[in-house]
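What follows is one structure encoded as structure tokens, with my remarks underneath.
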């Protein structure tokens, strides 16, 4: 379809040129905010009624809203098949990921049971499968092995002098550490969710999350190599820890033929354990780990939840999700579970097998419960190498994310840099430090991008009221005498000076040099004025001397002589002040600055001379706030450019920006609110009429 065929029609716009004052009057700007006062909002939040109580309960416990409406005919069969499939997948993943968390395998089954039931009650996503997850499991494992390393449980055998590892005591402490970390992580998430802090995950960009998951996947692979090859090595922590794992494997490689014993899962006790309170004394050592693993788990949850929510047409509440995950971890902490998160493989399986509601989680939990109570012994002789293979196979989705590299190279190199730096930091600095370093680097890229915006000079597209970048569009032509300047980002304290420099470069006006020359000229004029005044005083003394000499003459002669002398003095003064008369050629009295700017260095700066430019229009349509630095910068622009006979206008300011400028005292007699215009076109028409320029643009615009 051609361009002409795509045109929907045409319309004509005819209205008066409109500045901010005219707009306020025409649109009847409100003098007061329609938003209730803080006092009223607090009262309203504390006011209780039956409908409000019902809404609060239903939003906090979503199962009360969807379970009564559950359709057995439409959803039951799909949920049953999906629940059985996901439950079967929970079993090996729970056992395998418990090894990542450095706790006995049965605690992975507990993690696949209690938190899953809690999420069915409090969660808002119908399709994610919560439970054990590789990344959160290895983060817990790093914490447990850091606080309870094997070296702390070694004892000397008095018979043969060998060292013996007390596995029972070690595992008991590690379970307690994992449970305490999980409980504290749940408290963090629950409190943040209750104060509506679910947006915190927005600071984790998609490239950062995907790069972090890929790096964590590599750490998981490295952690499973000892189990895969039947090698007993300690798990190192801290920066460059993965290098020590790899080095140990190389040292063992040549001795694999002498190792015949195969490590198996071991005893899986039947039944459920009673709840126990987490060890609060450990919180000081795990507070950072708890917060990090909680945020990572929640980020995975909300990412998958929103993806499948958009796919199936429902909304996932980010704040309620934070509350739900927090409650899952709090309850899990009492039952010796470790931190949970949504697993991409299980979630994809749940969606592909027809699961439609949270009933899938209930069915899978029943299947896991049956296994814990009766069938756990069937897996006691399962080799740990098999579990390691299960872990590696389930990580294939994470490693598919390496395909992001060529895509990001084409679309956004800043995001690619975040992805790669996150990957490297996660591998080399470990999971906790890697996450912190990645978030810091991501924030730096945002700041860096604001330091390198695109500054443009806009030109008018003939026959329209559009103003586009002259470097991008050939038909966009600059209007003689008017410079229209735009930045692609908000001006604030970190880039305010860059904004000034770009304005000077793009406009071709060296404001500093011109102001210096103006000051020099003013000094010379002042010196000449003083010189002429001194000469006038000397000339004024001559009639007195002459009167003394001709005192004897008549009064008529004296008056005649004095009158003649006064005329001579008047003519002399006019001749001496001829420079001042020539300089007053315009309303500002700075015509010589304009003339001087057209020669010398100013003429060599490229675009145009100051003599050609009488108006600069600053397009602030990209600004969404105005800080103190912005206000000061705009004030300086107004004052400095007006000193050299250049008018400044602002266009496209959002309401919030205008309010912030007003609150900061930006508007005054020297900078009236009439300097703000609704559109660039309004400012251009006003400038052309004010300076008596061509009226070609003032006609009705045809579009």
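Using the three backbone atoms N, Cα and C, a Cβ is placed for every residue, glycine included.
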Of the ranges 148-168, 211-231, 379-399, 463-483, which one does TrEMBL list as transmembrane segment? 211-231
Can you identify, from 82-103, 126-147, 280-301, the stretch that TrEMBL calls transmembrane segment? 280-301
Looking at the ranges 417-448, 513-544, 545-576, which is given as transmembrane segment in TrEMBL? 417-448
For which of the residue intervals 183-205, 597-619, 620-642 does TrEMBL record transmembrane segment? 183-205
Grab the same-chain neighbours of the transmembrane segment (106-122) for me: Cβ-Cβ under 8 Å, and only residues 6 or more beyond its ends, written as numbers and ranges. 60-63, 90-91, 93-99, 130-132, 175, 178, 268-269, 272-273, 320, 323-325, 327-329, 331-332, 335-338, 340, 358-359, 361-362, 364-365, 368-369, 371-372, 376
Same chain, outside the transmembrane segment (183-205) by at least 6, Cβ under 8 Å from its Cβ: which residues? 278, 283, 286-287, 290-291, 293-295, 297-299, 302, 317-334, 339, 415, 418, 439, 442-443
